[in-house]
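Positions annotated as transmembrane segment by TrEMBL: 12-38, 76-98, 105-123, 129-151, 163-186, 192-212, 280-300, 320-343, 364-389, 401-420, 427-452, 458-479. If you look up TrEMBL, you'll see 242-264 marked as region 'Disordered'.
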Amino acid sequence: MAGGGAGRAKRLGTLLSGLLECGAFCGIIFGWASLVYVLKDLEYFGELCQASPSPSPSPSPNRTLLHDCSRQDEQFSLVFTIGSFMNNFMTLPMGYVFDRFGTAVARLIAISLYTGGTLLVAFSTRDLAVLLFPAMSMLSVGGILLILTNMQVGNLFGKYRSIVITLYNGAFDSSSAIFLIIKVLYERGLPLQAMFFFMAACSAWHLLRTLFLMPRTRIPYPLPPAYNYGLQCPGRSQSYRTYEEKRPPGGEGPEEVPLEPSAPKGGAAPVPFRPCVLSWLFFWHVVWLSVMQLRHYLFIGTLNPLLDHLARGDDSLVSTYTNAFAFTQLCGVLCAPWNGLILDRHKRGKAHHPEGARGALADLQASVLSLVVTVTQCVLFSVCAAVPVLPVQLATFVLQVISRSFLYGGNAAFLAIAFPPQHFGKLYGLAMALSALVALLQYPCIALVNGVLNGDPFYVNVGLIAVVLVAYVSPVVVARECRRRAKDLEAVSSPLDAPPSAETPAQTPH
């Protein structure tokens, strides 16, 4: 762990407070199934339900509208579809803001969006249910921008960098359990509006963390000596700018990755953004992310009507299984570091870890197993989701949270490993934006299930298994890239000491 101006206590404070922030605020929209249960009880979009007898041979006396609220379900699914789309698509401009203007500006935007979203839900009513559309979108964009600024915290912990990144993404997954807490408290008599007003008030904590435990620009990697960040008691920013001021004129030392990189003082020129985007490595990684994300989004967005269908309208069963799903989401923060251990497995032990180009190659080689394991988990999850038996869905919930925690943690870690750090925000945002376009297919899939397939999602689920299998192409492409890099390094007479960000061959299509 690199030493510096920021002591161990401050770095741990940053790590733990960031973990709390990601785990309690960033990904709450993915607990949508729990919130829908509350919103239905409050009769949001209730006017879309039509009173007609259930087609069941023995209808339940208190569930005469089992199949008559499909339009209401579609409206809730549309809210989630738009919110999840914005969660990903807006990551591109937000990634640019983060790369161009730094952490402080990005976090202030995120806090504003998050506060606005919680207040919109707090002011919403049965007659103002339409406020859910902008509210969920604002919560999504604010949350993804918060986690984007938090992932750089891994740079403070050297060889544990990938573990921290995946841990934060696991906490992001676990934050979906916040809506479960809201559901439980609502059932205990606490008003929905009061709970969202409290969440809005928590923005003051985000602001304090922005001022005292986060940098103004970005945390560099590798970490320079005497590096500090955040406001100090005198009120002066002790970020890398201060380190620059303290360094002797003409003195050599590690430099922070600039917000807009300029040509280095010596060695190879930095890799431009365009070759990174046009590489096969990035293309197939986006495919890998998109197909699995579509599977997860469709499952989360249709979980409530799916449980209604499988439970044959039994409210008690639906509530029990909704709670079970939300409880499993809490395990995301426990599952995600497993992926970090896979990614960082070659760094453990006393053996010297190679640096420069050879170190970047070792990191990329370690990512192949992570990519394969993630796809395999998603295939198993998809198979279980296709089984129309209610108890089997408990296994589906477990596989879903493991798969999802590996997916998002692995996505962020792979982009940090495979591409230059000065482009991380833009590449992360572009990957999420492109995957968001694919995720829009969830709505026609829902319409297909509710229309032609008469509420039976079996054939759509089977089709999604075949789609997920396409993601296996990405680790194959990465493995080929690793072999190509290894051959290039062997062809060089002396070892390359250039940093990973200067390796142009890795980023160009071939």
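A Cβ is built for glycine as well, from the same backbone N, Cα and C atoms used for every other residue.
A contact between the transmembrane segment (12-38) and the transmembrane segment (458-479) is absent, since fewer than 3 of their C-beta pairs, 6 or more residues apart, lie under 8 Å. Two recorded stretches are said to be in contact when at least 3 C-beta pairs lie under 8 angstroms, sequence spacing 6 or more; the transmembrane segment (458-479) and the transmembrane segment (280-300) meet this definition. The transmembrane segment (163-186) shares the most Cβ pairs under 8 Å with 129-151, out of the stretches 76-98, 129-151, 192-212, 427-452.
The stretches the transmembrane segment (427-452) and the transmembrane segment (192-212) are not in mutual contact, being linked by fewer than three Cβ pairs under 8 Å (pairs 6 or more apart in sequence).
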